[in-house]
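Here is the structure we will look at, set down as structure tokens.
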Amino acid sequence: MEAKLFVLFCTFTVLKADTICVGYHANNSTDTVDTVLEKNVTVTHSVNLLEDSHNGKLCSLNGIAPLQLGKCNVAGWLLGNPECDLLLTANSWSYIIETSNSENGTCYPGEFIDYEELREQLSSISSFEKFEIFPKASSWPNHETTKGVTAACSYSGASSFYRNLLWITKKGTSYPKLSKSYTNNKGKEVLVLWGVHHPPSVSEQQSLYQNADAYVSVGSSKYNRRFAPEIAARPEVRGQAGRMNYYWTLLDQGDTITFEATGNLIAPWYAFALNKGSDSGIITSDAPVHNCDTRCQTPHGALNSSLPFQNVHPITIGECPKYVKSTKLRMATGLRNVPSIQSRGLFGAIAGFIEGGWTGMIDGWYGYHHQNEQGSGYAADQKSTQNAIDGITSKVNSVIEKMNTQFTAVGKEFNNLERRIENLNKKVDDGFLDVWTYNAELLVLLENERTLDFHDSNVRNLYEKVKSQLRNNAKEIGNGCFEFYHKCDDECMESVKNGTYDYPKYSEESKLNREEIDGVKLESMGVYQILAIYSTVASSLVLLVSWGAISFWMCSNGSLQCRICI
């Protein structure tokens, strides 16, 4: 009986065996990512692929200042509206800024033909050389060049006219046929602008040009048009019943443009030799211009980001991330972040068999925790960690490189008569945007799934590496841990970690301890059976005695009557 009690005592005594556990890193990160199967998975490390912030400023682009048109628009700037005199010397820019109240355009009412196409052309121009194409003093000796002014284009309270055009009228009582040519020798394309005046009455036609049946002809190798004044009564706009239509063309190097007219010509005074080849553009923004520099500008503000995607604004100028509709694009680089719960022990589930990470292991993603007579501690597995870091870093860089197509995306220009085309274009652009957004989100979801599976696989591989070394010299006790059947000092623990564990060296000790433990288990089973019988009999006796005592008490006070019949 004494021997059995000793064995029973052993079964309730915790024997502190040496152990080694495989685990993974955890930290206090709150980063969450989405995968194909899950949303908001907390991870230890991640990288953001989506820029969602800006500085609220309009900045220089790569050191080149933008051109702020203020209250003027492109038409007013190029024609030379007197209200835009501050822009007369502007000849270079990184991009052009119009504001929501850029209303000073054509001061004399009329239509600017193909104006949207001209604005589109400016997207590839960042500077020009402004020059006199037909000098005012010498080009028109037989015509008047000083009386062509109007209250619609007033300056300082007096009638004036566009700074880059000349309103040619009759001299005395005649308007002789004029013919003037210019040959482009600038070595680049030249932008030429002119106009045609349409008076409201025949009397005004004769008053200005003398000739009732006047015409204007403009021709080059690529452009050839003949205009006749459309004389008609019209409602007044800016005090004018007449109209002026404005035209433009690009003159190639070596090409010649000829103007011929017998009246109604608004002649070019200045032209522009264009420097093409760089990405520019026109944006509409009320943001302030600051002394700052950026590589990417949006109407809302500048982006200083190397990320492949942004959701700030679809219109961008410079080297900009691709616009997507997404609100979150975060790529996992680390592991699932599930710190172990202390009441559960060190582990809590990655890879399906380990239920929590270690915040105490800070020098690697995967590693070990050991405990023996010399103490306990964490140690990262540097090789598997470094291989994982290299692989994931390469993958992230590859994704960013493939998706990080930096470019300018300016809005397309449409006039009021092209609304159906504009609406169709918006639908097409929205379709492309939806595809881009879907592709970006799907890419991130798939890569996050692969990354987390990759980490799970690495932890499993590390576990299998330990298991294959220890074999039956230790037993699996769950949660990624092994309990040794032999004493394993720090040197022994280190050999397990670095893959040099000497199985034969410890196999004999392990065999003896394993057999002893198995014997204790068998004896314990016999003791448990005896205890079970004793417990059953004792319980029955207690119940029987209790029932008898209660019955005797009830008979003695008359609560229970007992009759014995023979």
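From the backbone N, Cα and C atoms, a Cβ is placed for every residue, glycine too.
Positions annotated as disulfide bond by Swiss-Prot, on the basis of sequence analysis: Cys59-Cys292 (among others). Using a 10 Å radius centred on the Cβ of Cys59 (disulfide bond) and all shown protein chains, the other Cβ atoms total 24.
Positions annotated as disulfide bond by Swiss-Prot, on the basis of sequence analysis: Cys72-Cys84 (among others). In the shown protein chains, 23 other C-beta atoms lie within 10 A of the C-beta of Cys72 (disulfide bond). Following the DSSP three-state reduction, the secondary structure of Cys72 (disulfide bond) is strand.
Sequence annotations record features per position, and here Swiss-Prot assigns disulfide bond to Cys107-Cys153 (among others) based on sequence analysis. For Cys107 (disulfide bond), the count of additional Cβ atoms within 10 Å of its Cβ stands at 26 [all protein chains shown].
Annotation comment: Swiss-Prot describes Cys296-Cys320 (among others) as disulfide bond. Take the CB of Cys296 (disulfide bond) and look out to 10 A: across all protein chains shown you find 25 other CB atoms.
Sequence-distant contacts of Cys492 (disulfide bond), defined by Cβ-Cβ distance under 8 angstroms and a gap of at least six in the same chain, are Asn372, Tyr501, Tyr506. Under the heading disulfide bond, Swiss-Prot lists Cys488-Cys492 (among others).
Per Swiss-Prot, N-linked glycosylation site is recorded for Asn27 (among others). In the three-state DSSP assignment, the secondary structure recorded for Asn27 (N-linked glycosylation site) is coil.
According to Swiss-Prot, the feature N-linked glycosylation site maps to Asn28 (among others). Counting Cβ atoms from all protein chains shown, Asn28 (N-linked glycosylation site) has 8 others lying within 10 Å of its own Cβ.
Marked as N-linked glycosylation site by Swiss-Prot: Asn40 (among others). The Cβ of Asn40 (N-linked glycosylation site) lies under 8 Å from the Cβ of Thr32, Val33, Asp34, each of which sits 6+ residues away along the same chain.
Under the three-state DSSP scheme, Asn104 (N-linked glycosylation site) falls in the strand class. Under the heading N-linked glycosylation site, Swiss-Prot lists Asn104 (among others), citing sequence analysis as support.
As annotated by Swiss-Prot, N-linked glycosylation site applies to Asn304 (among others). In three-state terms derived from DSSP, Asn304 (N-linked glycosylation site) belongs to neither a helical nor a strand segment and is classed as coil. The Cβ neighbour count for Asn304 (N-linked glycosylation site), using a 10 Å radius and every protein chain shown, is 14.
Marked as N-linked glycosylation site by Swiss-Prot on the basis of sequence analysis: Asn498 (among others). For Asn498 (N-linked glycosylation site), the number of other Cβ atoms no farther than 10 Å from its own Cβ, over all displayed protein chains, is 11.
Sequence annotations record features per position, and here Swiss-Prot assigns S-palmitoyl cysteine to Cys555 (among others).
According to Swiss-Prot, the S-palmitoyl cysteine annotation covers Cys562 (among others), on the basis of sequence analysis.
Here Swiss-Prot flags Cys565 (among others) as S-palmitoyl cysteine.
Per Swiss-Prot, the feature signal peptide maps to 1-17.
Marked as topological domain 'Extracellular' by Swiss-Prot: 18-529. Averaged over the topological domain 'Extracellular' (18-529), the predicted model reaches a pLDDT of 88.
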Please name which of the disulfide-bonded residues listed here, Cys84, Cys107, Cys292, is nearest in space to Asn28 (N-linked glycosylation site), Cα against Cα.
Cys292
What are the non-local neighbours of Asn27 (N-linked glycosylation site), defined as same-chain residues 6+ apart in sequence with CB under 8 A from its CB?
Thr44, Asn337, Pro339, Thr359, Ile362
DSSP, reduced to three states, assigns Asn40 (N-linked glycosylation site) to coil
Under DSSP, is Cys492 (disulfide bond) helix, strand or coil?
helix
Round to a whole number and give the Cα-to-Cα distance in Å for the pair Asn498 (N-linked glycosylation site) and Asn104 (N-linked glycosylation site).
77
Can you count the other CB atoms that lie within 10 A of the CB of Cys153 (disulfide bond)?
22
